[in-house]
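**Student:** Copying in the features that Swiss-Prot gives for the protein in this structure:
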- ASP112, GLY113: Mn(2+) 1 binding site (BINDING)
- ASP112, ASP228, GLU280: Mn(2+) 2 binding site (BINDING)
- 78-289: domain 'PPM-type phosphatase' (DOMAIN)
Amino acid sequence: MKTDTTLPIIAEDGDCGDSKRVRVADSGYTVGGQDRPVKLPKIENNGDVGTSEGTHVLVDALMAEVAIKDKDGKTNAGHGVVSVMGRQRAMTTAVSTVVDEIPSYDIFGIFDGLRLAKFFEDRLRRLVKEEVKACHGRGVAADWNKVMKSCFSEAVGTVGTTTSAVVTIVGKEEVIVLCRGGARVVLYSHDGVALPLCHIHHHKDGVEQILKIHKRKKIDDFIVLACDGLWDVVSDDDTYQLVKRCLYGKLPPDGCISESSSTKAAVILAELAIARGSKENINVIVIDLKSSTVS
C-alpha cells in the first residue's frame, strides 16, 4: 500500500516570499509508479553536463513534482528556492527569504537549523527596515556593518549559538553578503564570469563574520546561494551553464516544474547534485538579477 509522507523538500517561487512544502512520495516507492526521468538541458562543448535528447538522469523519489504558485496564482521569476534532505537522515539546514517587504531590498539566507533561520528572518527584517528608513531620512548610505554586527550578536545572545549563517541582501544598486560560514555565494556575470562573494568555511569560535558589498553592474546576471551539498559536486561553470539555460534559454517541457525559471534552475541544480552523489543536505537559492523584484 502506497503512503505519502511530507519530506523536507521545499520549493518557493512566490511574490509573498513564503516557503511551501510539497507532498512527495515516500522513499519506499517511486513517484508515479516509476523513477521520474529528469532531462537536463544540453550544454555545448561540455561533455560532463551535456545530455543528448534521449538522455535522462534518474532521481527516483528524492525529488518530486514541483508546481508551486503563490496565493494569487502567479509565479515570481525573480528567485527560486529548493531545499532537499538528500541522503542525510535529517534536515539540519534551513533557508529563509524576505521578499517585497522592504523598499528596494530583498533578503535571502541559508542557516544551520530552522530556529536560527527564523530568528535571522525576523531580526533582519526589522534591522534592515530600520536602517533603510534612517538612511533615507539622513540621505546617507546604509551602515551594513552595524546591521551585521547587531544581528549576529543578538543571534548568539538569544538563540545561544555560534553556528553558520550566510545572508544575501539584494538591493537596487548593491548586493550585501553577511557570512559566517556554512554556504557559498557566487555572482555570475556576462560570459560566465563567476565572482565568489562568500566561501564555505566551517565556523569555529573566534572566527569573525565577514561582510562583502558588491556594487551592481549591468553585466551581472544572477546569484546562486547554496550549501556544500551542491558545491561539493557541481562546479561554477556547470552551475552557470545550467542556470543560464533555465533563465534565458529554453528547456524541454517536463510537465513537473513550475513556470518560474528561477525555480526550474534551483530544482535542476539540486537534482544534478543528487545524481552526482551528493551526501549532504542541498539548499539552493537562485536570484535572477535581470528580473529581480528590486532591479
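Cβ coordinates are placed from backbone N, Cα and C, and glycine is handled just like the others.
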**Student:** Once ASP112, ASP228, GLU280 are set aside, which residues in the chain still have Cβ within 8 Å of the Cβ centroid of the Mn(2+) 2 site?
**Tutor:** THR92, THR93, SER164, GLY182, ALA183, ILE200, CYS227, GLY229, ASN281, ASN283
**Student:** Let me know the DSSP-derived helix, strand or coil state of ASP112 (Mn(2+) 1 binding site), please.
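**Tutor:** In the DSSP reduction, ASP112 (Mn(2+) 1 binding site) maps to strand.
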**Student:** On the 0 to 100 pLDDT scale, where does the domain 'PPM-type phosphatase' (78-289) sit on average?
**Tutor:** 84
**Student:** Looking only at C-alpha atoms, tell me how far ASP228 (Mn(2+) 2 binding site) is from ASP112 (Mn(2+) 1 binding site), rounded to the nearest Å.
**Tutor:** 12
**Student:** Can you give me the Cα-Cα distance between GLU280 (Mn(2+) 2 binding site) and GLY113 (Mn(2+) 1 binding site) in Å, rounded to a whole number?
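**Tutor:** That separation, Cα to Cα, works out to 14 Å.
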**Student:** Which number gives the other C-beta atoms within 10 angstroms of the C-beta of ASP112 (Mn(2+) 1 binding site), all protein chains shown included?
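**Tutor:** That number is 22.
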**Student:** When DSSP states are folded down to helix, strand and coil, where does GLU280 (Mn(2+) 2 binding site) land?
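**Tutor:** The residue in question, GLU280 (Mn(2+) 2 binding site), is coil (DSSP, three-state).
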**Student:** Other than its own, how many Cβ atoms are within 10 Å of the Cβ belonging to GLY113 (Mn(2+) 1 binding site)?
**Tutor:** 17
**Student:** So if I draw a 10 Å sphere around the Cβ of ASP228 (Mn(2+) 2 binding site), how many other Cβ atoms end up inside it?
**Tutor:** 20
